[in-house]
Structures are given as C-alpha cells and as structure tokens.
Amino acid sequence: MASEAVYTHRDPMLKKRDDFEDILEERRNSSDLRYALRCYTPVLYKGLTPSKASELKSMVLQSDQLHYVINQVSIETGMAADEVQAEAAAILEEMAHRLQISTVRFFAFTLSKVFKTLFRSICVNEEGIQRLQQAIHEHPVVLLPSHRSYMDFLLMSYILYTYDLALPVIAAGMDFMSMKFVGEMLRMSGAFFIRRSFGGDKLYWAVFSEYVKTILKNGFAPVEFFLEGTRSRTCKSLTPKLGLLNIVMDPYLKGEVFDVSVVPVSISYERILEEALYAREMLGVPKPKESTSGLFKARKVLSEDYGSIHVYFGQPVSVRSLAQNRVNRSQFNLTPRHIPRKPGEDIHSFVNDSAYRLVRAQEENMVLKPWVLLATLLLQNHHQSQAAGQKQGMAVDELTEQAVWLRDVSRQYGAFLHWPDHTSPSEVVSSSLSLHRGLVRISEGRVRLALEQAGGPAGGRDPRSAASPEEELLNQAVIILSCASYRNQALHVFIRPALLASAIHSASSNNKQEVYNSFSFLRNMFSNEFILCPGATVQDFEEACYLLVKTGALQINQQEFVVTERGHRTLAFLTSVLDPFLQGYQVVCRFLCEEATEGLTEKQFVPAVRKFIIKHLLTGRLRYAEVLSSDLQKNTLAALLRLGAVRKLKGGEEQGTLKVNKVMVNSLEDTLGGKLPTQKAVVARL
Amino acid sequence: MASNSSGGGSSDRQRIAQQRLSRIAGHLQRPADDNSAILAAECKAQGSKSGVSGGGKTVPRRRQEIMKWNGWGYNDSKFFFNKNGQAEFTGRRYRLSGLIIPGLKDWFEVTFGASVLHKTLAPPILNSSAVQPPTLNEAFVEELKSTGIPSSHDAEDRVFRAHGHCLHEIFALREGKFGRIPDMVVWPNCHSDVVKIVELACKHNVCLIPYGGGTSVSSALECPPEEARSIISLDTSQMNRILWIDEKNFTAHVEAGIVGQDLERTLNESGYCTGHEPDSMEFSSLGGWVATRASGMKKNIYGNIEDLVVHIKMVTPRGVIEKSCQGPRMSTGPDVHHFIMGSEGTLGVVTEVTMKIRPMPEYQKYGSVVFPNFEQGVACLREVAKQRCAPASIRLMDNEQFRFGHALKPQVSSIFTSFLDGLKTFYITKFKGFDPNHLCVATLLFEGDREKVLQHEKQVYDIAAKFGGLAAGEDNGQRGYMLTFVIAYLRDMGMDYYVIGESFETSVPWDRVLDVCRNVKARIIRECKEKGVQFPPLSTCRVTQTYDAGACVYFYFAFNYRGLSDPVHVYEQVEHTAREEILANGGSLSHHHGVGKLRKEWMRESVSNVGLGMIKSVKDYVDPNNIFGNRNLL
Ligand SMILES: Cc1cc2nc3c(=O)[nH]c(=O)nc-3n(C[C@H](O)[C@H](O)[C@H](O)COP(=O)(O)OP(=O)(O)OC[C@H]3O[C@@H](n4cnc5c(N)ncnc54)[C@H](O)[C@@H]3O)c2cc1C
C-alpha cells in the first residue's frame with residue numbers, strides 16, 4: 001500500500017517483481033464453455049451496502065451534486081428544472097453501463113477462442129491479482145491499465161473474470177458507439193461511454209462525475225479508465241489526462257471515503273495488433289474509421305502469431321498516502337461539498353504529479369521482450385550506416401553481441417526484461433527476429449530492416465505505377481515507425497541516462513553544474529515527449545548520474561564528469577537514443593522559422609511540417625525518417641507553446657492561428673543543436 | 001449515573017418521591033419572607049457554615065483520603081477480575097457496585113487479544129522519594145503564611161495536582177514517574193483569599209495554576225517543565241458553597257470550586273438543579289467548567305456552560321473582572337465572559353459564578369432505539385435536530401459500543417434483569433433482519449412533566465421508526481448512561497492488563513458526521529497497525545449531542561500494548577493522527593474538552609492567525625508577567 005511503491009527514484013536496479021503465470025494454458029487444456037459458465041463469486045468491497053444495480057441511476061439523479069447543477073442550469077438557461085432533470089437522465093442513459101454476467105460469459109467464451117489463436121500466452125502476475133483482491137475488499141479501487149490496443153479493456157475484464165475478481169466499470173470513448181452492436185456488447189460487459197469533448201457542458205460533467213463517484217464511493221465496482229486518455233500509437237506512454245483521475249480522487253479528498261486504491265496495470269504486447277495501422281496513422285495515411293467491420297476486416301490478423309502478452313498488476317497505490325503532506329483536505333470544510341468547485345492550484349498539481357507517478361509505475365512494470373532491444377539496435381545501425389553510406393544491416397553475430405551487451409545495460413537500469421535465461425543468445429535473437437519477420441530481412445548472415453519492399457505485400461502490389469520517391473519514403477517510414485514503436489517501449493528505461501549523455505555531449509564543459517544546466521534544458525524541452533515527472537529535475541539528474549556512475553560509465557571527480565573507457569560505448573548508445581528526437585525538434589523549429597506562413601493554423605501545422613520534413617529527408621539533409629511521426633511534431637509544438645515560443649490565438653477569426661516568436665524558436669533550435677550554450681536559452685525564459 | 005448518596009436499588013418512582021420530599025424540605029429551611037439567602041462576607045473562619053445548607057462536601061483538602069492517586073475516582077471503587085475470572089466492581093457507590101459482570105472477561109479478551117492472566121499492576125503506594133523537592137519562593141511562602149490561607153508542600157498533595165486524566169498522565173503515575181510538579185498547594189477558602197494569593201504571586205513572581213477537580217483531559221494541569229519559577233497549585237476545592245439562591249430570577253450564586261455532584265445535590269434539596277451534568281460531574285468543578293467551556297449531557301434542555309452562566313467573577317493579575325449587573329443578555333461589545341470561558345486557567349481564577357437554576361424535573365424516563373445501522377441512526381438524530389425535539393439527552397452508539405454495552409450487563413440486579421432482552425434480540429435480528437454486526441443503538445433520556453415526557457417520547461419514537469428504528473426498552477438506555485460514569489474506572493482495569501485507551505471528542509456539521517466517524521475509526525486502526533500494535537484496536541464512536549447545525553462525536557480508542565516498547569508514545573502518535581483526521585474531515589479541535597497543551601499545536605489553524613493574536617493580546621494585557629503560567633492554549 002505504501003506510496004513509495006509507486007516508483008523507486010533512487011535505485012531502479014533494486015526493483016523486485018513478481019513471477020508470471022500463463023492463463024491461456026488452462027484454457028488450452030479444459031473446456032472453454034465450462035469456463036464461461038462456471039460459478040462466479042468475486043470478493044466485494046467490505047463497505048458495500050448491497051443494492052440493486054438499477055438503484056445506481058437513481059442515486060446519481062437524486063444526488064445533491066446533480067440537483068445543485070440542475071438548478072443552476074435551469075436558472076441560467078431559463079429551462080424548467082424538470083426539463084433539465086430529464087436531460088440529465090438522458091445523458092445518464094446514454095452513458096451508463098449495463099453490466100450483465102451473461103455478456104461477460106459470452107466474451108469469456110469467445111475471447112478464449114480468439115486469444116488462443118492470436119497469442120502464445122497471456123501471462124499475469126498472480127501476486128498482483130492477490131493484492132488486487134485484497135484492495136478491492138478494503139477500499140474502492142481504480143484500475144489504470146496502460147493503453148496500447150483496443151484489446152486492452154476486454155483483456156482486463158477477461159483476466160479479472162478468470163481470477164474471480166470483481167468486474168470493473170470502464171470508461172470508454174464515445175467513438176465505440178458508432179459500432180452499434182459492438183458498442184452495446186461492450187456496454188453489457190461493463191463499459192460506460194463518455195463523449196470525447198464536452199468542454200463547458202456543466203450538466204454533462206456533473207452527471208458524468210457523479211456517476212463515476214457514486215460507483216466508486218459505494219464500492220459497486222472497481223472503476224477502470226486509461227490514464228493516457230487514448231491508445232498510444234507510438235508505444236511511448238502518453239502525457240496523462242487528469243479529468244477522470246480528478247474525479248476518482250475527489251471522494252477521498254473530500255473525506256467521503258477513507259481511501260481509494262489505485263492500481264496501475266501494465267499490459268505489454270509482444271506484437272501489437274495495430275502495429276502498421278498506427279504507423280500509417282502517424283504518417284497521415286487516413287485512419288480507417290473505427291467501425292465494426294474495420295476492427296475485424298483484418299481477417300488475416302487472426303492467422304498471425306502475436307507472441308505473448310504480459311499483464312502486470314502493480315502495487316495498489318493509496319491515494320491517502322499520495323496526498324499525505326501534499327493536500328490540505330480541510331480546504332473543503334467551508335463550503336458544502338456538493339457545490340462544484342474548480343480544483344485549486346494545489347489540488348491540480350497534486351493530481352498532475354500523481355498522474356505522472358502512476359504512468360511511471362505503469363512504465364516500470366512493462367515487460368520488454370528481446371525484440372525491443374533488437375529494434376533499438378537495428379534502428380541505430382540503420383541510421384548510422386545510412387549516414388556513413390555503408391552497406392545496410394548488421395551481421396547476426398554482431399547484433400547478438402550488441403544485444404547481449406544492451407541486455408545487461410538495460411537490466412542494470414532496472415528494465416523489466418524477459419530474456420529467456422536458458423536459451424542461447426543467438427537462439428533468442430533468431431526467434432525474436434522470426435516473430436517480427438514483417439519488419440526485418442535476414443540474408444547472407446546479415447539482418448536489416450525490411451525497407452525495400454515496404455510498399456506492400458512481398459512481390460510488389462501494383463506494378464503499374466512505380467512508387468514516387470515520396471511514396472517510397474513514406475512506405476519505408478511505415479517500417480521505421482513500426483520498429484520505433486518497439487524501441488519506444490524501452491525509452492523509459494534509458495531516457496534519464498540518455499538525457500544526461502546528451503547533456504554531457506552538448507555542455508560546454510564537463511563541469512557538473514554546466515551539465516546539469518544542459519540536462520535541465522533538454523529535460524524541459526522534452527517533457528511533452530517523455531514521461532518526466534514535473535518538478536523532479538534534480539531527482540532525475542541524480543538518478544541518471546547514479547546509474548551511469550554505478551555501471552562504471554562515468555566518474556565524477558570534484559564536480560567534473562569523466563567518461564570512462566568503457567563508458568564511451570554506453571554514452572554513444574544513449575546519445576543515439578535521443579538523437580532522432582533532438583533532430584526532429586530542430587527540424588520542426590526550423591520549419592517554424594523558415595516556412596511557417598503568417599496565418600498558419602494548428603490544423604495546418606502537421607501537413608505543412610510534414611511536407612517540409614519530406615523535403616529534407618529526400619534531399620538527405622535529415623536522416624531520421626521517424627521524424628515524420630505526427631506524434632513527434634505535435635509534441636514539439638506543444639513544447640514550444642508551453643515555453644511561449646509559439647502562441648496560439650484564441651477566439652475570433654484567427655482561432656487556432658499560431659504566432660511564432662522566431663527569435664526564440666531559433667535560439668531553442670540552436671541550443672538543441674548544441675550551437676548555443678544552454679545558459680542563453682535558459683535566460684530566454686525556461 | 002452515579003447514584004449519589006442514595007443506594008443502588010430504589011426504583012424510579014421511589015426516587016422521584018424522595019426528590020420531591022427533599023425539595024419541600026429545602027423550601028422549609030429557608031426564611032419564608034426572603035427569596036435569597038445572603039452570605040456574610042467573612043469567609044476566613046474554617047468550616048464556617050454559611051450560604052445555602054447542603055450535605056457533606058465531597059472533596060477534602062487531602063484528596064488522597066477518598067480518591068486514587070494513580071487512577072480514576074474513589075479509592076473504594078474499581079473493577080477487577082475475581083478468582084473465578086469474572087469481572088466485578090467494588091464499593092457501594094454505583095449501581096454496578098458489588099455486582100459481577102459475567103460478559104466482560106470474554107469481551108475484553110476477545111476484543112483486545114488480552115488475557116486476564118497477563119497482569120501488570122501499578123505500585124499501590126506513592127513513592128515520595130521519587131518526587132522532586134519543591135522549589136519554594138521563601139518570601140512568597142512567608143507572606144502567604146501571614147494570611148492564614150492553608151497550604152502544603154507535601155509530596156502527595158503536590159503530585160495529586162500535577163495531572164489531569166489523560167492516558168499519558170495516569171500511565172506515568174502508574175510507572176512512578178512524576179516530572180515537573182507544583183512546588184506548593186494552596187487552598188483559598190473564598191474570593192478574597194484568591195485576591196490575596198494572586199496579589200502575592202504577582203508581587204513575588206511565582207507561577208499560579210488553578211486546580212478545580214483535576215479531571216482535565218487536555219494536559220491543562222501539567223506543569224510546563226521549563227517553568228523555573230516556583231509553581232503554586234491553587235486548589236479551589238474548598239471554595240465550595242452555594243452563596244445564595246434567587247428564586248425570583250432562577251439563579252444561584254456559587255463558589256467556583258464546588259464539584260458537580262455537590263452542586264446538584266445541594267440545589268436539589270431546594271427543589272432546583274442546574275441540569276449541567278458532564279460525565280465527570282462527580283469530580284469536576286464549576287470553575288473548571290467555565291475555564292474549559294464544558295458541556296453537560298442534558299444540554300438540550302439546560303444548555304452548555306456558556307448558556308448557563310449569568311455572571312462570572314474572576315481574579316486576574318490586573319484585578320477582578322466582573323459585569324455590573326445580571327441582565328440575561330447584553331449588547332455591550334464583545335461579551336467579556338467569552339474571554340473567561342475557555343481561558344483554561346491562563347488569565348486568572350474564576351471564584352464565583354451566578355448560574356441559572358431550574359425547578360427539578362418531575363419525571364425522568366430512559367429509553368433506547370435500535371437501528372439497523374449507524375447511517376440510519378445518524379439520519380434519525382439529524383431529523384430529531386431538525387424538528388428541534390431532542391430529549392434531554394440522545395446518544396447514538398456505534399455497533400462496537402453497542403456490543404461493549406452488552407458485555408457490561410451485570411449478573412443480577414432488579415433494574416438490569418430484563419428477561420425480555422433475549423427475546424428482543426431474537427426479534428430484532430431474526431425477525432426484523434437486523435445484522436448484529438451493523439445494528440446500533442441510541443439511548444435517550446427524557447425529562448419534564450410526565451405528560452409532556454410521554455408525548456415527547458412518542459414523537460421521538462415516531463421519528464426513529466421512519467429511519468428503521470425499533471424501541472428497545474428503558475434498561476438499554478439506562479445502562480448506556482450508567483456506563484458513562486464507570487468507563488473511566490474501566491480504563492484503570494484495562495491498564496492492569498496491558499490495555500490502554502482514551503476517549504476524545506469533536507463537533508462536526510451534519511453532512512460530515514458519517515465521514516468523520518468512518519475515517520477517524522479507520523485511521524486509528526490503520527495507524528495502530530503501522531505503529532506495530534499487535535492486535536486490532538478497539539476503535540469506536542458515538543454521537544453524544546445534537547445541535548441544529550451538527551453534532552458532537554466521541555471516539556473511544558484502546559489497544560493491547562503487549563510487545564510495544566513505548567506504548568504511550570504509540571498511543572499519542574495515534575491520537576495525534578486521529579486528531580489530524582478529524583480536522584481534515586471538517587471536525588473541530590474540541591467540542592468541550594478544551595485545548596490545554598495537548599492540542600495547542602492546532603490552535604493557529606483552528607482560529608486563524610488573527611484569532612490567535614486576539615487571544616494572545618488579551619493574555620498580554622491581563623497577565624503580562626505570565627503569572628498564570630500553565631501555558632495552555634497559546
Ligand atoms: C471521565 C471524564 C469525563 C468527562 N466528561 C466531560 C463531559 O461530559 N463534558 C465536559 O465538558 N468535560 C468532560 N470531561 C473533561 C473535564 O471534566 C472538564 O474539562 C472539566 O470542565 C474540568 O473541570 P475540573 O474542575 O476538573 O478542572 P481541572 O481539571 O482542575 O482544570 C481544567 C483547567 O481549568 C483550569 N481551572 C480549573 N478551575 C479553574 C478556576 N476556578 N478558575 C480558572 N481556571 C480554572 C485549570 O487551570 C485547567 O487549565 C471529562 C473528563 C473525564 C476524565
């Protein structure tokens with residue numbers, strides 16, 4: 001329960017983790033039907049006052065909270081209160097789940113079949129399950145799975161059903177509702193639906209938050225949602241969204257429950273079903289509408305091997321412990337608690353920090369497969385040989401050697417790596433490569449990214465028109481982005497040391513303070529890109545120093561950093577990890593300085609910057625095709641907006657127009673490129 | 001309830017008849033043509049029989065003659081496990097006295113994981129040699145002698161006045177640890193004695209700590225260890241007369257050292273009562289109530305101390321403060337009484353108080369209601385408050401306390417045997433479907449004329465029924481109130497068996513009552529676990545008072561401390577976090593126990609900077625040299 005368990009700052013090396021159990025094994029050996037029909041008697045919250053599911057809605061509609069808002073809306077709009085009430089009821093109707101055990105059983109049956117064809121195993125840490133069961137008994141529980149695939153929440157419910165745990169109620173985006181049938185099925189398996197945007201809609205917000213709180217406070221069911229808000233298309237964790245987290249913490253902060261347990265869950269896919277889909281989406285190849293047929297069209301999906309899934313239920317985190325010495329709860333003493341109030345600055349920053357810590361907790365328990373390391377190495381090799389004009393690819397032996405080296409480094413950094421211990425490294429490598437044969441080619445003892453036929457299925461799809469250089473580039477980028485999405489899974493392990501390595505690289509001297517300034521600049525720059533806890537610059541710096549020193553890559557002599565003999569390899573690797581991002585941010589800056597037109601809007605930004613990048617890639621001025629990722633481009637813009645180098649106009653005709661402070665953007669670009677000392681840029685308001 | 005001087009067995013009717021008689025006797029004793037008895041100003045002569053006549057006074061100068069020096073209450077009254085392992089209560093003072101309580105042992109052992117075989121007895125005799133020799137201010141002592149006001153620097157006398165009844169205070173006594181104690185005790189006999197003492201104290205710069213009944217539960221009586229001056233405990237217990245009764249205005253003028261039971265008993269003889277009955281009324285004093293802003297069980301009818309006082313006289317280093325008239329309400333700027341009430345002995349000595357009195361009620365009736373759960377019970381109390389029909393007392397115990405109450409049922413006793421009880425339990429749990437692990441009980445006390453009481457009773461039971469409450473008889477109610485007087489004795493027995501505990505209170509708005517109860521109880525349990533307490537603690541609460549805008553909540557908390565090296569420290573840490581939990585959940589720092597030194601760290605956040613500054617500036621004006629140096633509140 002202790003909050004320290006959320007993530008260990010100082011010594012990631014000492015991280016202890018549970019063992020896994022494959023839940024598909026039993027499914028392969030016994031009847032799915034019996035499994036789907038077996039007796040289901042989960043442990044419930046001890047404070048639960050048994051009441052019928054139907055009562056939930058009336059509890060929400062009769063709550064003081066909602067009444068207050070209904071009256072307010074009625075006064076503001078002149079609508080009769082019972083009309084507003086009816087509207088609230090309609091919102092609730094549209095939103096509410098209708099969890100039905102029969103539907104769950106249906107899913108238990110069909111998913112068993114599907115999972116067995118798609119995956120080799122679904123591994124779950126049973127100790128985590130036991131902790132969860134205990135937590136559900138003790139306090140209201142919030143489940144926070146990572147979000148990489150549509151599968152996630154079905155998978156979660158499937159696992160909970162398997163272990164006879166209380167089934168969660170899940171916050172799902174409204175876009176599912178466009179798939180009529182699936183939407184209703186999901187609703188009956190516990191999903192409730194929230195509109196994507198309801199900005200100023202007070203009534204909607206009131207119904208929604210009261211609905212969630214009522215479920216939570218009474219312990220009717222664990223509440224599940226995705227802290228990242230949406231599926232991460234890059235496999236990097238996304239900056240957490242705070243809305244729902246605010247809602248579920250509120251009952252604790254206002255004293256309505258003794259505590260709330262938040263359980264981060266890390267779901268790692270060895271191969272992601274949506275892999276290529278995501279890459280295309282980020283490259284601007286239109287996204288297929290999320291329709292029922294779309295999801296299942298890929299029949300071929302079913303015939304492929306997606307390896308295994310690891311699901312790690314993390315330590316339950318007590319909101320009470322998180323808030324201890326952080327939030328003064330007595331601030332709610334002086335106004336009735338049912339009157340909605342905007343959370344104050346302290347609450348906001350508390351929730352925000354907690355959100356980051358929870359995402360980090362998810363990250364830390366993500367299982368990394370050897371392929372993640374291979375993809376990292378292959379990508380680096382690709383760029384280096386491209387730059388040097390060398391022959392593409394690397395010898396299998398060399399790859400294996402490097403992989404073993406990287407395995408050891410990443411373990412030292414606390415990575416949760418599943419590298420089969422009783423298999424020879426070369427076997428590990430070859431079996432990893434074969435699972436991802438869509439992304440790599442092996443010939444003549446060399447491995448390289450499968451770029452040349454990236455345009456379509458082997459053999460060339462449409463021989464009529466030879467692909468234009470731009471098309472070819474985009475096709476290659478699909479492969480590169482797919483590989484990058486695997487590399488990205490390991491970024492959280494390397495990010496702090498990588499920032500330090502780059503800082504050492506770019507700092508004007510090896511003086512610790514200089515390096516720190518440089519580190520701090522980079523960290524600030526990239527805080528929309530990676531999960532870096534707000535306000536933890538010093539801790540991050542120290543953690544990075546600690547890791548590099550402890551692993552013998554770095555020595556600190558009287559405030560001077562000295563890279564050791566064997567440290568050069570590590571630091572070279574680490575700077576290469578960050579390099580594509582450094583380059584990417586610079587290109588975006590350059591675009592804004594050179595090509596951004598007066599009236600450029602946020603909407604036009606991505607297509608315009610993409611065009612600019614394509615140009616640069618084609619002329620060879622830029623090496624990293626992964627910079628084509630709209631995710632990176634948007635993150636850069638977000639960082640610049642945050643830093644005030646770009647402003648977004650609000651309201652009026654010019655709504656969404658970007659105003660670029662070219663001097664500042666330029667200086668940021670130069671600093672990123674190491675052309676300006678960080679000190680200057682820091683002055684430029686960081 | 002303490003049965004006062006009358007024995008345990010009399011029935012209600014008999015008792016009321018007796019009261020009527022004594023009331024009439026009271027009338028007869030007074031001059032028929034005069035409404036008030038006037039006391040001669042002279043008070044020096046010891047034992048002078050002036051003022052309103054009354055029975056024997058309870059508190060002698062040498063308290064040790066009747067009271068325990070290291071525990072609660074009378075020497076002759078205590079719980080113990082007899083040879084058969086059954087709990088028994090000794091003495092003859094209380095209804096429970098001389099009775100066997102068969103269920104207590106099991107409850108005790110099961111609740112605390114304790115065993116009657118594991119005993120840790122306190123030393124019976126005070127070891128005077130462990131007491132620091134007094135630091136006397138010779139000049140002060142000399143001059144005091146010349147006034148003829150009795151004093152003492154006997155070790156026992158001093159130790160007795162060095163503490164209240166916080167757990168840590170009693171525990172230390174049982175361990176024979178004394179720390180800083182007063183250097184001297186003085187016993188003024190009247191207001192003018194106090195004036196002299198305060199003058200001398202100012203002149204010689206000694207520290208004065210007023211001492212009333214010694215029932216403080218806020219470390220208010222503890223001597224600040226850093227105090228270098230001579231500390232004089234000013235024991236008011238001998239200023240215990242009712243100086244006059246004014247039947248025209250329904251007031252009585254009383255010396256502040258009188259203890260509650262004497263005050264009530266004496267007034268009863270004249271057919272009156274104040275109706276102020278804090279659970280400590282056997283020993284706590286009028287001056288103590290004023291100084292701490294005390295609250296009595298029957299405040300619904302009679303009000304809290306601030307509603308009861310009409311006039312206060314207090315001696316301060318600046319002189320005597322009092323109002324010029326006894327008007328029932330005034331608009332004369334901030335009410336100076338409110339500087340005095342709650343001053344906790346930091347400003348001066350309250351010497352005389354004019355209090356409201358009421359004719360004694362003709363009829364009293366106990367009652368109880370069982371609710372399916374605590375939530376329903378609280379909802380019912382709120383409704384009762386809304387309809388402003390609260391009986392003299394209404395208290396709601398949670399499930400744990402309900403079970404505790406059951407364990408305290410004595411074996412044989414006319415008033416306790418209720419053969420219906422078993423049947424009732426059966427009816428409630430089996431027939432009405434109440435879960436014995438959730439149900440809770442409210443105890444009620446009605447007072448007034450018979451007709452109205454019965455009407456009132458019906459109204460309350462009707463409300464209760466709306467919240468699923470079932471009437472559960474008079475005994476349950478009566479036993480509930482009896483418990484409040486013996487619970488302090490029980491703590492002493494607990495300490496004989498490695499169990500320590502305490503109660504603390506708060507006041508809280510209605511919408512927070514359930515939240516505070518739940519969260520504080522859970523916090524106690526969690527903290528105990530984290531602090532290494534081996535067995536789950538007893539963590540229970542009850543709602544003891546209702547107001548228009550909220551309620552007073554009492555928490556009881558006790559645990560078995562075997563295996564802990566510093567149990568009192570653990571205890572204090574847990575109580576500390578419990579108080580933080582209370583404050584975080586919208587509860588107050590105290591409803592009536594006061595702040596003392598135990599809770600003063602939270603004063604600033606409780607009353608704001610400016611508020612604290614106001615209190616401080618009053619202190620600075622009234623007592624610039626900190627003669628009243630007990631360091632409470634600020
Ligand atoms: C078992 C038990 C039950 C209790 N129940 C209640 C209850 O129901 N309601 C309630 O309100 N409290 C209760 N208390 C708390 C306590 O009884 C009250 O605070 C009471 O008012 C203290 O009175 P006392 O005469 O014992 O004062 P003491 O304990 O002697 O002193 C308390 C404080 O008041 C000061 N003081 C005392 N007399 C004077 C005076 N004449 N002039 C100036 N300052 C003075 C002292 O210096 C000290 O700071 C209970 C305590 C116990 C142990």
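Here, residue 1 is simply the first one shown, and the rest follow in order.
Backbone N, Cα and C atoms are what each Cβ position is placed from, and that goes for glycine too.
All TrEMBL annotations are machine predictions without curation.
So that you can see what the record holds, here are the features copied from TrEMBL:
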ACT_SITE  B:Tyr554  active site, proton donor/acceptor
BINDING   B:Arg491  substrate binding site
COMPBIAS  B:1-10  compositional bias 'Gly residues'
REGION    B:1-29  region 'Disordered'
SITE      B:Arg395  site 'Important for enzyme activity'
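Cβ neighbour count for B:Arg395 (site 'Important for enzyme activity') (all protein chains, 10 Å cutoff from its Cβ): 24. The local packing around B:Tyr554 (active site, proton donor/acceptor), expressed as other Cβ atoms within 10 Å of its Cβ over all shown chains, amounts to 21. Using a 10 Å radius centred on the Cβ of the residue listed as 'substrate binding site' and all shown protein chains, the other Cβ atoms total 22. Following the DSSP three-state reduction, the secondary structure of B:Arg395 (site 'Important for enzyme activity') is strand.
Between the C-alpha atoms of the residue listed as 'substrate binding site' and the residue listed as 'active site, proton donor/acceptor', the distance comes to 16 Å.
According to DSSP, B:Tyr554 (active site, proton donor/acceptor) sits within a strand segment. Put simply, B:Arg395 (site 'Important for enzyme activity') is 10 Å from the residue listed as 'active site, proton donor/acceptor' when counted between their Cα atoms.
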